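Annotated in TrEMBL:
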DOMAIN    B:342-587  domain 'ABC transporter'
TRANSMEM  B:7-28  transmembrane segment
TRANSMEM  B:34-53  transmembrane segment
TRANSMEM  B:60-78  transmembrane segment
TRANSMEM  B:84-102  transmembrane segment
TRANSMEM  B:109-126  transmembrane segment
TRANSMEM  B:155-175  transmembrane segment
TRANSMEM  B:205-223  transmembrane segment
TRANSMEM  B:243-267  transmembrane segment
TRANSMEM  B:288-309  transmembrane segment
Amino acid sequence: MNTTIMLFLLQDGITNGAIYALLGLALVLVFAVTRVILIPQGEFVTYGALSYAMLATGQVPGTAQLAVAMGLVAFALDLFFARKALHARLVMRSAALNIVFPVALLGLTYALVGPNTPIAVNIALALLIVAAIGLFLYRIAFQPIAHTSVLVLLIASVGCHLALQGLGLVFFGAEGLRGPALSNAAVTAGPLRFTGQSLAVYGLTVAFIVALWLFFGYTKTGKALRATAVNRLGARLVGIRTTLSGQIAFLLASVIGALSGILIVPITTLYYDTGFLIGLKGFIAAIIGGLVSYPLTAVAAILVGIVEAFSSFYASNFKEVIVFFLILPVLVLRSLAAPQVEEEKD
Amino acid sequence: MTQRLPLIIFALVMAVIPLVPDIPPFWIVLLDNIGLAALVAMGLVLLTGVGGLTSFGQAAFCGFGAYTTAVLTTAYGLSPWLTLPASLLVSGIAAVVLGIVTVRLSGHYLPLGTIAWGIGLFYLFSKLEFLGRNDGISGIPPLSIGSFKMLSPDAIYYAIWVAVLLSALLTMNLLDSRTGRAIRALRRGHVAAEAFGVQTPRAKLLVFIYAAVLAGLSGWLYAHFQRAANPTPFGAQAGIEYLFIAVVGGAGYVWGAVLGAGIVVVLKEVLQSYLPYIFGGQSQLETIVFGIMLVLLLQLAPSGVWPWLMSWLPFKPARKTPDTSLKLEHRERAPGSSSVLLHIEKARKQFGGVIAVNDVSFDVNAREIVALIGPNGAGKSTTFNLITGVLTATSGKISVLGKEVENAPPQEVVKLGVSRTFQHVKLVPDMTVLENVAIGAHLRGNSGAISSMLRLDRADEAKLLAEAARQIERVGLSDQIDQLAGSLSLGQQRIVEIARALCVDPMLLLLDEPAAGLRHMEKQRLAALLRQLRDGGMSVLLVEHDMGFVMDLADRIVVLDFGTKIAEGTPAAIKTNPEVIKAYLGAAA
């Protein structure tokens, strides 16, 4: 192998790795705040990417309607759980968030959609739609069981993944889609050519890592989110609104997921079920990072991307096998490093 | 016999179904699929519902079973019956390899690990040349007995359901045994089980292998049913579906697996035929409904359909009362002449910068009740954990009957004749008092998993249960013997813990706040019991906050404050000791 191929593979690995890093970060974020292992993260990726791709062709994606439907369910749940103490302000607030917001979004989508809509508008619409879905998903599926064990949350999470992936098939069909590039600019450095797209990937990844790190380390809201993760009851007793923390976490995660999707859909064709695999690779990174460390997760994600790039060159048939078995030695090291002493509570 | 009756009736019904005239062949195919899924789900019941280890990767083990027989029968022409042990062995070995790696992982790492290797194995199946890559292997011979070939769905039906019923029987036998109790204790954490000699990593590995072998059996049957094997049914999606089946049926119940398989397989069939009308000709739309149902189920009925169904039964299955006349041999006593039973010398435990136990030394002699007292946070429970091996000491020496413990694990310490109760009750709430107490006698039995499954353990088991019943009687809880431990009051649960500790046949009993939550009369009864145990030759070391109880009962008292021993002596001496008064009440103004 000559240096040029190696550099190409490295570049490819780092670009993919940066996406995995974004997803890994979102997974760590959600787990740290809600203890939910977010398997549907991959669906946020496909929903974001394919909604954007559909908008670019001038169609209204089914995700916009899904957001409205989920908003209605969320509103009904809000009313049901508050039925003993219904007052106008609460109803108004819930209606504004759960009904007005997604309906307005749907209306806006219909109004703006067209073959000549600017890329930025399409991106904004796709992001908003997926953000709404993420927010309502927490309200509907996880908020009622937020106090249960990690395992129950994980199984529920797998249930959400199944439902969302099936809906993805309904919305986008079995055919893959590809979206228009964010920018056609390119920079050449030696043998390597950096497209504007890949530079955007690097830039956004770094920006998110730094922002999350600052947010959780230095802001009051960030600290409140972390407190919720450690002890929900304790956090509530000191006045942290734990449901709000969960909603913020899901909102961030869905935006990050959708953004990753929009970043890769111009590079590779995405299918309705591609997100699951991409998300799982983010997982491998998140697990290497122990589900707690942002920088470690980012480094691990780059590593996963590079391993993937090199194995697709040397043993393309066994690319996925190698990547998914990468997790085993990591798990062994983790289990050797931290013998279990604490008790499971459920 | 009466306990077997429902099983026999079920078996008869299943045997008659294919003989019903004009039964649509399609129904038989559905029942075949239900049986195949039930086998895998049964393994998951044991693994997840009972043992608390969630796996999304069971479908991969089906793959091992199916591909093993596919390769051996097509490429090497072996008879399908010969490949059965091979299929089970290959799935079992795969489980050992993956289990050693993943079973030690805590809570959520395990299911994540199983998703990862589940997908990895799926890709491996679909890429390997000798497994036929994505196309798989076809032309697998059918099962046959003599010249009778099981080609049709209703011929293999019997093979499948015999496997299901036998597996259910073996699984229920296993759960109702010494090994079964150890497995059922896993879900509630391992500290309590280990304190009575259960090798928890081994127990976890055992259920992992057991579940994999059941999945392998299902895969072997599947290969000969479909007469082909390809990667699709062994992927991540299938693994998720199996877990779904177990949760729907009721993850803690063997028959929940069969019920869940029935519900899900039929539902899938119905959805597959009607959903395309709603959404327009797409396939796999049933996953939307499955996903939504799974979430709803967890929110509304997390324990599944089976327990709900059983609660409608007009009669409750009777429990056998153990025959208390059976005697269990005493544990072999370590030969030791010294009158010092427990010797602690400069024991020290540091957590980072905090010194929880600071060079504490004291002895417990034979036939003596010693109380360890001190304000909250004095290091009493930590001292207990050091003695019993739950924590390893930073430095210092702890010896039992002159034999140094040297940071032995809890399973070794209990063999020396030291048993304990816990400050925070650690019983298995959904097991009966009798079963909980019998865990205490774990080391005094020796039947393993295989003999339990085949019911060769009954003599051994009867003795263990008899001993447990005797200890329950001794502590005065005979009336509650068949109640679920979780339904008892906290005070009674503490007494159950004492009975469990007595089942070890200990020389030294460590009791962590045994009187907390007891009423006055119950405390007096407990004190009388402890005196009686001492007079019978046992020693007791107890942590307690009820000073009246302690002063009345203890022969000697050791006082800790901030991890340091500040006094030791008779109750009378301790009552007037100025250091102790200062520790409890603060300095005199």
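Cβ atoms are placed via backbone N, Cα and C, with glycine included.
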**Q.** Other parts of the chain folded back onto the transmembrane segment (B:205-223), taken as Cβ under 8 Å at six or more residues beyond its ends
**A.** 35-37, 39-40, 42-44, 46-47, 50-51, 53, 55, 58-59, 61-70, 83-84, 87-88, 90-92, 94-96, 98-100, 103, 140, 156, 159-160, 163, 167, 174, 179, 183, 186, 229, 233-234, 449
Q.
For the transmembrane segment (B:7-28), give me same-chain residues lying six or more residues beyond its boundaries with a C-beta closer than 8 angstroms to one of its C-beta atoms, as numbers and ranges.
A. 152-154, 157-158, 161, 165, 168-169
Q: Calculate the per-residue pLDDT averaged over the domain 'ABC transporter' (B:342-587) and state the result as an integer.
A: 89
Q: May I ask for the residues of the chain that lie six or more residues beyond the transmembrane segment (B:155-175) and have a Cβ under 8 Å from a Cβ within it?
A: 7, 10-11, 14-15, 18, 28, 31-32, 35-36, 38-39, 42, 45-46, 50, 142-143, 148-149, 183-184, 210, 214, 217, 221, 224-225, 254-255, 258, 449, 452-455
